[in-house]
Amino acid sequence: MPNIRKSHPLFKIINDSLIDLPAPSSISSWWNFGSLLGICLAIQILTGLFLAMHYTSDTTTAFQSVTHICRDVNYGWILRYLHANGASMFFICLFLHVGRGLYYGSYVYKETWNVGVILLFAVMATAFMGYVLPWGPMSFWGATVITNLLSAIPYIGTNLVEWIWGGFSVDKGTLTRFFAFHFLLPFIISALVLVHLLFLHETGSNNPTGIPSDSDMIPFHPYYTIKDMLGALAMVLALLMLVLFSPDLLGDPDNYIPANPLNTPPHIKPEWYFLFAYAILRSIPNKLGGVLALVLSILILILMPLLHTSKQRSMMFRPLSQCMFWLLVADLLTLTWIGGQPVEHPFIIIGQLASILYFLLILVLMPITSIVENHLLKW
C-alpha cells in the first residue's frame, strides 16, 4: 500500500513543501526568517481577528473601543499588545530576510524576488493602515500627511486624495475603508506568500556560498523543521518579553489621547519601521520629488538582479562588497534615527547626505565594487 503522505493529493503538496523538500546542507540561521515571517503572519491574522470582534471603525468610538479592549475584554490587553508588537517583530524579520537576500545574492531568482518585493509593499501598506485604526493624534495626522502625498501626482492627484479620504479630509469614511482594507490585505498577503513559495520551490533554496548545491541536498524534515522551531522559540520569547515587560517601548505616547483634527502634534512621525523611508521623503524639499524618492527607496529592490555585475553570486568571498553592504546597513540605521528627529539643523543635512548615499550605494558604488572584484580575480 502506498504511503498516504506521498499519494494523497493534499498531503502530497504539504509533503513536497515541508517534509521531503530537498534543501542545501549548508544553509545557516539566516535562512530561518522565511518561516519566522510565516509565524508572524499567523500571529497577526489570529490576534487581528479577535481584535476586530471588539473594534468599531467609527471616529466617535474607535479610540474608546481600543480602550475597552484593553480594560474590559478578557485578555484584550495581551491581544492588543501582541498585535502591535507583532508588527514590529514582523518588520524586524522582514528587514533581516531582505538583507539576507541582498548579501547572499538570492535576488538572482527573479520571480521569487519580485513577488517578495510586492509582499514588502503589501505588508507596509497593511501596517500603515493598521496604525490609523486606534485613532490617536499620530494615527490621524499620519493618515493625513501620507495620503496627502498622493496630491503630488500631476493632474489627478487632488481628486485621488479626496477619493481615498471619502470626503474633503480624513474622517469617518477614511477610517471605515482603512479598517476594511487592513482586514482584507493579510489574506491577500497569505496568497502572495504561497506564490512566493511556489517560485522558490521551482529553483530550490540558495545557500551561503552562492554555488549550486544540487549534489549535496538533505531532506527539510527533520533537519530544518527542528532548526526553524528553535528560531520560532527565540522569536516568540523575544515577542513575549516585549509584550509582557515593556509593551509601549516601540510605540508613541502621543497616540494615547484621542485624535483632534484642530490640534497638530509638534512632531508627526510614523512607527519605527517606516522612519528610514520617512527620512528619505523629508530630505527632498519638493513634494513630488519626495514622494518619488519614497517609492523608489523600496522599488529599487526590483533592480537588484539588473545591478548584479559580479561573477560570484554571494558576498561570502567578496570583502569589498561586504564593506559596501555594511555601509548600506549603517546608512539605513542613520536614516531611521534621522526620521525620528525634528526637522532642524543638523538633522536636515545629515538626512539629505544619508539619502544620497543610500541611492548612490545601490545604483553606483556596489555595482562598481563588483566589477573591481571581478578584475581582482584575474590577479
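Note that Cβ sites are derived from N, Cα and C of the backbone, with glycine treated the same way.
For reference, Swiss-Prot has these:
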- 33-53: transmembrane segment (TRANSMEM)
- 77-98: transmembrane segment (TRANSMEM)
- His83, His182: heme b b562 binding site (BINDING)
- His97, His196: heme b b566 binding site (BINDING)
- 113-133: transmembrane segment (TRANSMEM)
- 178-198: transmembrane segment (TRANSMEM)
- His201: ubiquinone binding site (BINDING)
- 226-246: transmembrane segment (TRANSMEM)
- 288-308: transmembrane segment (TRANSMEM)
- 320-340: transmembrane segment (TRANSMEM)
- 347-367: transmembrane segment (TRANSMEM)
Nonlocal residues around His182 (heme b b562 binding site), in sequence order (Cβ under 8 Å, 6 or more apart) = Gly48, Thr126, Met129, Gly130, Leu133
Key: Integer Cα-Cα distance in angstrom, the residue listed as 'ubiquinone binding site' to His97 (heme b b566 binding site)   = 17
In three-state DSSP terms, the structure that His196 (heme b b566 binding site) belongs to = helix
Sparsest-packed among the binding-site residues, when each Cβ's other Cβ atoms within 10 Å are tallied, from His83, His97, His196, His201 = His201
Rounded distance in angstrom between the Cα atoms of His97 (heme b b566 binding site) and His83 (heme b b562 binding site) = 20
Nearest-integer angstrom distance between the alpha carbons (Cα) of His196 (heme b b566 binding site) and His83 (heme b b562 binding site) = 24
Key: Intrachain residues whose Cβ lies under 8 Å of the transmembrane segment (347-367), provided they are six or more past its termini   = 279-280, 282-284, 293, 296-297, 300, 303-304, 307-309, 321, 324-325, 327-328, 331-332, 334-335, 338-339, 341
Task = Test the contact criterion for the transmembrane segment (113-133) and the transmembrane segment (288-308): 3 or more CB pairs under 8 Å, pairs 6 or more apart in sequence, then answer yes or no.
result = yes
Request  = Look over the recorded stretches 178-198, 288-308, 320-340 and say which has the most C-beta pairs under 8 A to the transmembrane segment (33-53).
outcome  = 178-198
Inquiry  = Helix, strand or coil for His182 (heme b b562 binding site)? Use DSSP.
reply    = helix
